[in-house]
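Asks: TrEMBL lists 208-231, 276-301, 313-335, 347-371, 377-399, 434-456, 468-494, 506-526, 538-560 with the feature transmembrane segment.
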Amino acid sequence: MTEKKHTVLEKSSKFSFFKAKYQDKEEVVLWMNTVGPYHNRQETYKYFSLPFCVGSKKSISHYHETLGEALQGVELEFSGLDIKFKDDVMQTTYCEIDLDKGRREAFVYAIKNHYWYQMYIDDLPIWGIVGEADENGEDYYLWTYKKLEIGYNTNRIVDVNLTSEGKVKLVPNTKIQMSYSVKWKKSDVKFEDRFDKYLDPSFFQHRIHWFSIFNSFMMVIFLVGLVSMILMRTLRKDYARYSKEEEMDDMDRDLGDEYGWKQVHGDVFRPSSHPLIFSSLIGSGCQIFAVSLIVIVVAMIEDLYTERGSMLSTAIFVYAATSPVNGYFGGSLYARQGGRRWIKQMFIGAFLIPAMVCGTAFFINFIAIYYHASRAIPFGTMVAVCCICFFVILPLNLVGTILGRNLSGQPNFPCRVNAVPRPIPEKKWFMEPAVIVCLGGILPFGSIFIEMYFIFTSFWAYKIYYVYGFMMLVLVILCIVTVCVTIVCTYFLLNAEDYRWQWTSFLSAASTAIYVYMYSFYYYFFKTKMYGLFQTSFYFGYMAVFSTALGIMCGAIGYMGTSAFVRKIYTNVKID
């Protein structure tokens, strides 16, 4: 094949499978990707792991182009079909399957489990079904004829459709001929809009989606109003009461009924228990929030769904680049809490999320290798991920930690911390931190659970998520609701003269993760038809990672908002 450098956009070291422009009669490559059960989207195998035959044309190698593509199990193999730009091909036999007993059993198993396969032409995905069974489930048929209809606009491919025909009964010890045809047709679809046919506006822009956003906004307005009203009125009364106490003499003050959050002013800024773990969690949560924000903005600007693995590659790159955020917030908080083992804190903060993700991936990888699935992560990709962790994430985290310790590591609290901790008085059961933590996640979960359904469906089913404007709104709503809820919880806790607010504010917001994970169980059993060890472990393993990361992010947002609130109220009150 002659290379035309002025018209070809090379994207592969061996062969370009995506070309911006073609010339007449120029070769168009049909790549075979993966095959697997329709109901188990992540359980995929190489296309030629089934005993399909390959066309006679010389094979072309394909290398993984991006880290995301390798991690998502993309396994492109050349089909061997001879396709040329604007050159129609009548029905042509390209190979023959010698159907012995073993090959027949492989096809029967695939048909019983509703196996679908995926192909690519010029980066456009095409799906087809392997075969079908008769109504009684006794006879099985293989689709042998791939009828391709390719749309072009000037010198670009803008549309591909596949029709499967030629139903042939699977009979042992027979020969099955595989054939294909290509029909080229002129199309008015613009090259920039060629992915629009894969989107589902009726699903993502359904009235329920709009209603859920509106509903969440109403909740935000109500919550912000409620928090403002309660806190402004209550705090005004508290300040008035404390000012009155200032004017009393010592005898009156001793006889007076002292209670409320002012009484714990000497302990409220006491370092949290386990400050090393706490500051690492806060730093990681701030980084996850920064990654979420940047990736959503990038996805709103760029159509990341048009390139395989681009969303995952972008997320990994942004996560590595935002490591100083983790170091800055985690390191400065640890310094303010009087922590001395800052290097250990930096290591824990840097590797907390990567260790969780890689540990889960490593466990699932064993199952993928056992299944010979395409999702099995290659050794080279594992090495690349480890190199990113040690040579990018860790040094950037160190830079952030040093900046955080030097710029905002001084404990400039508005109140002095007493040498002896104040005893925590008895309080009603519903004011206990454990109860507050359990209840704190309900409202944040309530503001996002409709969006969770759309996100889950796009990830676990055959939908492409593209409404990132909705996702940005939901992230903003989640932040506001989380901060409002944790501020109210912390106010009640401090009013009960319990100064253990740091972990309580973090965990009450982080408990959103528990409700999201519980919802994932409902989604698995009632909204999907997944089955098998591989798909089940993949689903619950990565849902646990997603829920934990969401919980850490919410916890950090809740803590940061509450910390600002606590600092504010104790700055405004006169303390001897």
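Glycine is treated like the rest: Cβ placed from N, Cα and C.
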Asks: Does the transmembrane segment (434-456) reach the transmembrane segment (347-371), going by 3 or more CB pairs under 8 Å (6 or more apart in sequence)?
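Replies: Counting Cβ pairs under 8 Å (6 or more apart in sequence), the transmembrane segment (434-456) does not reach the transmembrane segment (347-371), since there are fewer than 3.
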Asks: Determine whether the transmembrane segment (276-301) and the transmembrane segment (377-399) share at least three Cβ pairs under 8 Å, counting only pairs 6 or more apart in sequence.
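Replies: Contact between the transmembrane segment (276-301) and the transmembrane segment (377-399): absent.
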Asks: Take a look at 208-231, 313-335, 347-371, 506-526, 538-560 and tell me which one has the most Cβ pairs under 8 Å to the transmembrane segment (377-399).
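Replies: Per the Cβ count, the answer is 313-335.
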Asks: Okay, the transmembrane segment (313-335) and the transmembrane segment (468-494): do they have at least three CB pairs under 8 Å, pairs separated by 6 or more?
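Replies: Between the transmembrane segment (468-494) and the transmembrane segment (313-335), contact is absent.
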Asks: Quick check for me: are there 3+ Cβ pairs below 8 Å between the transmembrane segment (313-335) and the transmembrane segment (347-371), leaving out pairs under 6 residues apart?
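Replies: Yes; at least 3 Cβ pairs under 8 Å.
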Asks: State the residues, same chain only, that lie 6 or more residues beyond the ends of the transmembrane segment (538-560) and have a CB under 8 A from a CB inside it; answer 'none' if no residue qualifies.
Replies: 42-43, 281-286, 288-289, 292, 329, 353, 356-357, 360, 363-364, 367, 375, 440-441, 444, 460, 478-479, 482-483, 485-486, 502, 505-514, 516-517, 520, 524, 530
